[in-house]
């Protein structure tokens, strides 16, 4: 029984973000469709070859996506919302982009599909929409075309397909209500057709992803798996693939399925290998996800070897990444600025492929010498002075309940804040960032490269902040922001100014569509050596009589959007960050900043996948936010912002944050999210987003008024704020001005109504 290795998927964007550049060039009309398709072909060929050269036996095909793999699956099934459909029913790459970006075939605006987090990762998928009586048919053959491509290049392939039950679970019903699970029998024929086509091509194994099997699914969804896979069996061998959690709670359901193998995440799950071996059919292949696909740390391969060695020779075994390497940067070797010691602790996607090759070879030969050599740096790290800071650990241990309590309850604070700011009804504001123009990005890049001295850089940033203030005053906004010209990314910026973080040059990972992020890495205890945001906030406030918000990224979001340490708990990291940012709140307040926004868009996405684990997480997540904010005086207004959120199941925790104002993303869901706040009788102020900043569409005054009137049916108008869904960093100034002008006009109309 020779052990083989494989990956569940590979990053799509390219080492230099070639896919992003090609997409954006095509969207701007500066490149042809053939240019775009050629970039995709080049990236796929390169990535297959790189994995093969690194020692991967079976290459994933179908993991590449032009925007998102769930959206690709929707097109495969012919599931295109009516507003995005071509008149002749055909589907092309522009159809796909219209769904993701919000356009009708005519070029007119049409709402983009809703976007939400892919399980508990930082990747976003486009939510499939289902309507009653919907028809499905094989419409988009990208998977088959790419399999042909890989086979022509001589590769051993393992096609990747999002499974039918998970696909339905991830979607939403639109229009008349019905049970979306009832569509299962309608999509299965398309899946069968795809598997038949793959079998014709000589494919032996298909990776069919069913990550929903790690969740606490309703019984009727669990029961749907057996008939679904009964219908799909017989064409090719199916590797039922799960990730992000363990499968033990649903193992009885899984073991009864007519598949030939199971992939389990042995990094994030608590599954016991011996129990899996005992309970799974003896003729099944077990794919052991031993190398973490969603972090940057080098694996201790001696530990991984020990974890799996007892079942070697007892069943067919593959070793694999825990999940797709989509969530990891591509190649550590191009990182030339990382300190040698720190660099020795890391492994990116290509290095993880190398780890899988080392592990496979050791398990096949029994010789662990290379594993021991590979693991030595990560073992030495445990004693590094770069990791431990006694002062931080002491401060964390001294936290009391008082440290997370504001001085007075909300009602008293609200009165103090009204007296201080005297804002009109329907106060208008934005979420924080303004367009990051080529000029701004060039300024930061020149400074970073050493082509610009600090004085010239600061003069340039000050000018952009001044412009942002002038623009906002001209538009008539009530509460202003400085625009964040100095910030490349809302998490990276703070990480750069906190001890305990390091940064990469090319550690890009895809967030959604063409958007990539470069998460910082938490390598040690976190502290703040000096104030971070105070100087620019103070400068912006000096330019206007209107209040300017101080802008902080909250502790849970910094944690969730960074690559965390693996040697301490997430709670410990979050509270260390909270203590550092608590000092920033105190310094902003002392500098005369009266409104401070602490963004926590990631609070919900950090939830464990199993509901039974939620309470413990929410308890420390809320406490971290409160530690961060509670130092503020009563007349300092604390705002928070959240996006991509379903709130109804965590309303207690949202209220427990005790923020004076919460702004939320609601426009894509047509204010549906406010229902949660209404039912809960949420006591504090709320700013429901009135337009979608992920789309270039400019909302009309009437559209915004209609949304605000809808909001006022659920939340008393005196507690409503008016704002976009999210920051405006990715937009251009022309559409930003137009959209905000309409937003301000809508608020003014409502004040006069």
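The count begins at 1 with the first shown residue.
Using N, Cα and C of the backbone, Cβ positions are placed for all residues, glycine too.
According to Swiss-Prot, the feature 5-methyltetrahydropteroyltri-L-glutamate binding site maps to 17, 18, 19, 20, 117, 515, 516, 561, 605. For residue 516 (5-methyltetrahydropteroyltri-L-glutamate binding site), the number of other Cβ atoms no farther than 10 Å from its own Cβ, over all displayed protein chains, is 18. In the three-state DSSP classification, residue 516 (5-methyltetrahydropteroyltri-L-glutamate binding site) falls within a strand.
Annotated L-homocysteine binding site per Swiss-Prot: 431, 432, 433, 484, 599, in sequence order. Sequence-distant contacts of residue 433 (L-homocysteine binding site), defined as residues of its own chain at least six apart whose C-beta falls under 8 angstroms from its C-beta, comprise 481, 483, 484, 487, 490, 727, 728, 729.
Around residue 431 (L-homocysteine binding site), a 10 Å sphere centred on its CB holds 25 further CB atoms from the protein chains shown. Annotated L-methionine binding site per Swiss-Prot: 431, 432, 433, 484, 599, in sequence order.
Within the same chain, residues at least six positions away from residue 643 (Zn(2+) binding site) with a Cβ under 8 Å of its Cβ are 601, 664, 665, 689, 725, 726. Secondary structure at residue 643 (Zn(2+) binding site), taken from DSSP and collapsed to helix, strand or coil, is coil. As annotated by Swiss-Prot, Zn(2+) binding site applies to 641, 643, 665, 726.
Taken from Swiss-Prot, the feature active site, proton donor applies to 694, supported by sequence analysis. On its own chain, residue 694 (active site, proton donor) has 101, 102, 112, 115, 512, 725, 726, 730 as residues at least 6 apart in sequence with a Cβ closer than 8 Å to its own Cβ. Secondary structure at residue 694 (active site, proton donor), as computed by DSSP, is coil.
Only 641, from the binding-site residues 17, 516, 641, place their Cα within 10 Å of the Cα belonging to residue 599 (L-homocysteine binding site). The closest partner of residue 432 (L-homocysteine binding site) among the binding-site residues, by CA position, is 641; the full candidate set was 17, 19, 117, 605, 641. A sphere of 10 angstroms centred on the C-beta of residue 605 (5-methyltetrahydropteroyltri-L-glutamate binding site) encloses 22 other C-beta atoms. For the recorded site, residue 599 (L-homocysteine binding site), the DSSP three-state label reads strand. On its own chain, residue 19 (5-methyltetrahydropteroyltri-L-glutamate binding site) has 12, 13, 39, 40, 43, 514 as residues at least 6 apart in sequence with a Cβ closer than 8 Å to its own Cβ. Within 10 Å of the Cα of residue 641 (Zn(2+) binding site), not one of the binding-site residues from the list 17, 117, 516, 605 places its own Cα.
Cα spacing between residue 605 (5-methyltetrahydropteroyltri-L-glutamate binding site) and residue 431 (L-homocysteine binding site): 19 Å, rounded to the nearest whole number. Each residue in 430, 481, 490, 551, 597, 641, 726, 727, 729 lies on the same chain as 431, 432, 433, 484, 599 and has a C-beta within 8 Å of the C-beta centroid of that L-methionine site, without being one of the site residues. If you draw a 10 Å sphere around the CB of residue 17 (5-methyltetrahydropteroyltri-L-glutamate binding site), it holds 18 other CB atoms from the protein chains shown. DSSP classifies residue 19 (5-methyltetrahydropteroyltri-L-glutamate binding site) as helix under the three-state reduction.
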